[in-house]
Amino acid sequence: MDRVRFKASGPPLRGWLLLATVTVGLLAQSVLGGVKKLDVPCGGRDCSGGCQCYPEKGARGQPGAVGPQGYNGPPGLQGFPGLQGRKGDKGERGVPGPTGPKGDVGARGVSGFPGADGIPGHPGQGGPRGRPGYDGCNGTRGDAGPQGPSGSGGFPGLPGPQGPKGQKGEPYALSKEDRDKYRGEPGEPGLVGYQGPPGRPGPIGQMGPMGAPGRPGPPGPPGPKGQPGNRGLGFYGQKGEKGDIGQPGPNGIPSDITLVGPTTSTIHPDLYKGEKGDEGEQGIPGVISKGEEGIMGFPGIRGFPGLDGEKGVVGQKGSRGLDGFQGPSGPRGPKGERGEQGPPGPSVYSPHPSLAKGARGDPGFQGAHGEPGSRGEPGEPGTAGPPGPSVGDEDSMRGLPGEMGPKGFSGEPGSPARYLGPPGADGRPGPQGVPGPAGPPGPDGFLFGLKGSEGRVGYPGPSGFPGTRGQKGWKGEAGDCQCGQVIGGLPGLPGPKGFPGVNGELGKKGDQGDPGLHGIPGFPGFKGAPGVAGAPGPKGIKGDSRTITTKGERGQPGIPGVHGMKGDDGVPGRDGLDGFPGLPGPPGDGIKGPPGDAGLPGVPGTKGFPGDIGPPGQGLPGPKGERGFPGDAGLPGPPGFPGPPGPPGTPGQRDCDTGVKRPIGGGQQVVVQPGCIEGPTGSPGQPGPPGPTGAKGVRGMPGFPGASGEQGLKGFPGDPGREGFPGPPGFMGPRGSKGTTGLPGPDGPPGPIGLPGPAGPPGDRGIPGEVLGAQPGTRGDAGLPGQPGLKGLPGETGAPGFRGSQGMPGMPGLKGQPGFPGPSGQPGQSGPPGQHGFPGTPGREGPLGQPGSPGLGGLPGDRGEPGDPGVPGPVGMKGLSGDRGDAGMSGERGHPGSPGFKGMAGMPGIPGQKGDRGSPGMDGFQGMLGLKGRQGFPGTKGEAGFFGVPGLKGLPGEPGVKGNRGDRGPPGPPPLILPGMKDIKGEKGDEGPMGLKGYLGLKGIQGMPGVPGVSGFPGLPGRPGFIKGVKGDIGVPGTPGLPGFPGVSGPPGITGFPGFTGSRGEKGTPGVAGVFGETGPTGDFGDIGDTVDLPGSPGLKGERGITGIPGLKGFFGEKGAAGDIGFPGITGMAGAQGSPGLKGQTGFPGLTGLQGPQGEPGRIGIPGDKGDFGWPGVPGLPGFPGIRGISGLHGLPGTKGFPGSPGVDAHGDPGFPGPTGDRGDRGEANTLPGPVGVPGQKGERGTPGERGPAGSPGLQGFPGISPPSNISGSPGDVGAPGIFGLQGYQGPPGPPGPNALPGIKGDEGSSGAAGFPGQKGWVGDPGPQGQPGVLGLPGEKGPKGEQGFMGNTGPSGAVGDRGPKGPKGDQGFPGAPGSMGSPGIPGIPQKIAVQPGTLGPQGRRGLPGALGEIGPQGPPGDPGFRGAPGKAGPQGRGGVSAVPGFRGDQGPMGHQGPVGQEGEPGRPGSPGLPGMPGRSVSIGYLLVKHSQTDQEPMCPVGMNKLWSGYSLLYFEGQEKAHNQDLGLAGSCLARFSTMPFLYCNPGDVCYYASRNDKSYWLSTTAPLPMMPVAEEEIKPYISRCSVCEAPAVAIAVHSQDTSIPHCPAGWRSLWIGYSFLMHTAAGDEGGGQSLVSPGSCLEDFRATPFIECNGGRGTCHYFANKYSFWLTTIPEQNFQSTPSADTLKAGLIRTHISRCQVCMKNL
């Protein structure tokens, strides 16, 4: 309570002083009661009666001896949370979050560097796409790309066991800012520590509180008038010299005042004090209140005497003050008379320490023996001191103790005090009391007393009387008990020293105490014992009369004497006793001192409760610790997954007859004597404790198959497999049933007499034929299932099905074979001893036992071999250097981590060496229609390329336009009928000449299909169609034969049955190249031949035929009208070639027939002559999208292009809309591609087809390197034949597209692959009945007449046998499209399973199919090879002037081409691209390239490498940094050392690796090491560099944006990167890069792009004090916004780093 102050507010309160005294005394009791037990109501007090009075506590005794060390207490309760600290610094990178969802497809990367300029070719118009070339050789393996950025850390592992304490780290003094940055959060209160060993005796404690007031001394004589003193305590005297630093004072009582700081929290007095917290921020001014009185410091030097103050009001007696210095004795005053014994004065409570010295206390306990001090000399008498310091108000004088007042009344219970009240006014001085009893022991004195003045020899004083026992105090009233629910608090702080107790009974005289320690000189004591005889004093004042006078009145108290002068320092006193521990002091603010020596080891504490798992620390991983002791056995883990069954063990064998146990199972075995009999098996032991997880076992043998489980649910259908190759041809099917009698046919012209054929057996009756007007029947039943086909190619793996439902448990499997012996279990507890059994006979060798159940894990085994290196952990903050640990055990392989986030686009790699020619890339997307180019120069004809892979099957074409009807021929002469002619079928006659064009006749009745006619010669090439034909079957690819002679179009023959497979023809010789001819006019279409709807098997691959000569130009013939009815003849011999018939009359238009079957493919014509150059055509239709390319490699990011020149709006002339054909049938699926024919003659311009819908885009091809150029390349060589393409899937037919604009005439395309025969079309409607013919006599063979009108259907003849294979007929012209007929009647399916026939011969090339609708784009096929070069197009118009590209690499030397014809002079071309940088006289610029990997970088194209080395960033010597410009050659040291320099002093002495100097190097992307790396381990972390000789200076340009900046005009790019500005490391030293230097543009971005190497230690490491500074992205509004603070985590950093490009001037 002596720390509570009251300040009287003025005179009105003085009257309440007595009441305040009592009240405060009671309050003190209630307050002090706060430390009592409060966990029961009323703190355990009996509140039923009145308040019990507790006697006042006596003075504190001497400290007892140090007790024995106590036991470890239990862990303390968790303390209350400490105050909220200031906001911490930015934390390190957090633990990676869970893998996010897959991000959207990122933006397309920047374009790669432009390649080197090629040698300009002759400008020519691009030919059509050539055939694909063969695959090129695989390229050489490129240089390794730059190391990717470090992957994000894995998920935090489980906390490992507590490692041993690491070695003490190196001290590092942080600056104040760094201390603030790295200051940790206040820790939790620690556990109670062990009792330490007794410490050394501490320094003498501070002066204790004052004792009770002693009796007042006799008044001294008035001293001489002092010099004017300061006015009371209110004014300050002259500043004294700085005193010695006092010891820290004890802590004040905790206050309940809430201090409002930056963070608002209430300070509770009962909280444990935590460790020293961080330095708080500047608080706002607190509540103004007077603080506690500090402990009096060491005395200052003596001040000047103050002026006399006015007499103050008599103040209340203050508490005893600190003893002042020993003043000199004043002049002796007149002797007073002895006063009467006064009554004992009352105990006075004063809130202030008393200044009066108490009476001598009881002897203290035996103190420790100190060194005997030297005896001091008697001091001189001092002069009278100045008035002592007043206590309380300025003008009050110190009063004497008052008498004990009467007992006051009980006051009202006061409300609990929240704040300290003001001090009360000083009371008036009471009358002097009698000497009090002995006070409590005085405080320990200071170590060094002040030397007193030499004193005068005093007289012996009388012995004091024993004091009487004090009177008993009054019993107080019972206190109010507040019996509310009281929560037990923590132990309170030690209470203040209590008031002095009432005088007790006189004790016995104590033993002589040891001499006390020297204390600070006190006030003058009572008269001492007789001293040593002093020197004679001066003559005294005349004494009183010897006569007895009346007793004088007690004199007034004398004025306090003037302060004496400061005496000399006294002899050091003995050490005082240890004081009690002080209250915790306030947090100090000194700088953290160096670590002290290690203390003695404490007693091991009890195991604390496990703390919560803390968050992962942020230090760098510490070194690998020593191997720890085996940990306690953990709780049993969950049962592991059953391992695979082991292989059967070898059977054990017990040989009791030999006395030896064979080591079958391995290990040392005991000897069994002959006649041994094993005892019965003991009961199983108790399970042993589980062992640690064993190492991963070797893979066991596969177990036996278990019982089949229930069938799972059907999975989702897989992707359709590729179509298989055609099966072998089936057996010939049975002959069809005989048809019904048909309508009579028209009499044909008599044929030549045929050779007699063998008589065929009569055929069965056929199915009724079609009757005019009959409706088609319903669809027949489905046929029987065919034989299983051959196994198809495996389909693509389907998507995984859903997980099936849990199957029913299977039946118990068969008993498995015994497995390997299980691991040894823990030894079981001993079972009870069995009874002694009889000895058994030796057993036979038993069968192999079943495997034992796996034993529980054993105890920790011996130390294993070092495990595999673990996965590198995330980079933490630097940890303290730990003890070097043993290698830990190998951990089990973890589960694969979740997929990481999609990384940012990596930095472009270093340009590798030019690789070998790679495989051709896939076609890119169809580009937009370009502008019409200028006419180019004719290119030189390229060499013949290889044949390409056949393309995919085309989509069905639309039906062609019906041709005009041909002329009617003249009637032939009657045939000469010879005997036997009607019995013999004649052979087919020769082909007649082409008839004249007839008029259009009426459409005849649909006749029955005739027997197959002889194939005609191939017709001339038709005009190229714009629309794809019907997708034909894929034949076996043959090598393309040379085109045959063109035949004239014969009349349509009847399609024969499929022929047998022909043998492969011989390979023809290639024809000579024709001269350039003019484009011939388009030939007429021939008649379309009928086909029998039996599809032929795919033919074998034929050899390449001889090149045919160009066919004659045919007339545009049509189907002739029916001739006059000839005499009926039998089939005659082949007649001579007839002359052309007369032109027939025009017939009526026939009915539209159904779409006929697809004709056989025609032969491939020879290439026509090259036409003259035409004028530029109108723009062509957009091509179909190309097939999907394989994924290209990621190109280097390109530079941002310049804005292109504005294009010319040029639309072609609108074309005529083409007719919309009927929708064709869906073609059969292609199996193998046919051979590519030679190009046909150039056809006339076809009518444009309808525009198909846009196909789905193919996959993205390789990004092309497209330097702008307006010069077309020359046509390439003809490629070699391609390999067979795989069959694509059939795409569904698409809807008809809108009418397209007319396209320009395209270049002549290559002939398409030969198609298979189409499917049989529907039977057309029957034509009108013809006139009946008369039977004629057999005539001689006349000339072949034109085909007559269809006659009536004749009676059905017998079905003839299959005739021999006829000769190949001519190719017919495309027929007119028929109208859709009504469906035919369904055939009766034969119920026989037909074997597939053998592979038939390759059919002839069919006619162009009808125009089908454009189907949707099928799935992308495999990439094709390079096509043959197209013809040179006409010269294009001059292109727009292009931006100069960059210089590319020089291509390889081309082959010598043939001498081309002289082309027409072209228009002047645009300026060419800049050439290679030439060697100049002034060459000698240096360029440094840093790879930021451990691979040497390549110099840019055209530059020589001068040397390569290691990328030096800067040095640090004598704590100063010396920076290197990364763009200059000095940053590329040829050799690496952690200490590449030494230092020399002026004394001609140099030192190497003797200081803490450092070197800093650009680093690689190698994973951050846990510990500093040394020697060879350093190499993967140091970036390599090359110094190149450049023809011009290189500069860096920075975009201050995320986009790549452009090089200035006339400069080319060398590399792109990130804008590196500066760096700092140890000691806040560092450097920076000039932003114009290439060193400021690093190709790769890292948060820490360099590593620190310590020269003295020879190690390198990434320490936490490295900072890199980069230019950031700045929005365009430069002055319109204030930068906003932001923290970027990993993954977002590159979005705020400026990009840059290093450019070199083109010379």
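Each residue, glycine too, has its Cβ placed from N, Cα and C.
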Of the residues Tyr999, Tyr1485, Tyr1551, the one that Swiss-Prot lists under 3'-bromotyrosine: Tyr1485
Disulphide pairing with Cys1653 per Swiss-Prot - partner from Cys1641, Cys1660: Cys1660
Per Swiss-Prot, the disulfide partner of Cys1499, chosen from Cys1544, Cys1550, Cys1585, Cys1588: Cys1588
Neighbourhood of Cys1703 (disulfide bond), C-beta criterion under 8 angstroms, separation at least six: Ala1594, Ile1595, Ala1596, Val1597, Cys1607, Pro1608, Trp1611, Arg1612, Ser1613, Leu1614
Structural state census, the compositional bias 'Gly residues' (148-157) (DSSP three-state): 0 helix, 0 strand, 10 coil
The one of Cys1544, Cys1660, Cys1700 whose CB sees the fewest other CB atoms within 10 Å, among these disulfide-bonded residues: Cys1544
Cα-to-Cα gap, Cys1550 (disulfide bond) vs Cys1660 (disulfide bond), nearest whole Å: 24
Fewest other Cβ within 10 angstroms of its own Cβ, chosen from the disulfide-bonded residues Cys1588, Cys1607: Cys1607
Reduced DSSP assignment, Cys1499 (disulfide bond): coil
Least surrounded among the disulfide-bonded residues, given as Cys1499, Cys1532, Cys1585, Cys1641, Cys1653, when other CB atoms within 10 Å are counted: Cys1499
Those recorded positions listed as Asn138, Tyr1485, and which of them has the most Cβ atoms within 10 Å of its own Cβ: Tyr1485
Counts of helix, strand and coil residues, the compositional bias 'Low complexity' (74-84), according to DSSP: 0 helix, 0 strand, 11 coil
Helix, strand and coil residues within the compositional bias 'Gly residues' (121-130) as assigned by DSSP: 0 helix, 2 strand, 8 coil
For Cys1607 (disulfide bond), the three-state class that DSSP assigns: coil
For Cys1550 (disulfide bond), the number of other Cβ atoms found within 10 Å of its own Cβ: 10
Secondary structure content, the compositional bias 'Pro residues' (215-225) (per DSSP, counts of residues): 0 helix, 0 strand, 11 coil
Entries of Tyr1485, Cys1544, Cys1653, Cys1660 which, being recorded positions, have CA atoms within 10 angstroms of Cys1588 (disulfide bond): Tyr1485
Secondary structure content of the compositional bias 'Basic and acidic residues' (175-186), with strand meaning DSSP E or B: 7 helix, 0 strand, 5 coil
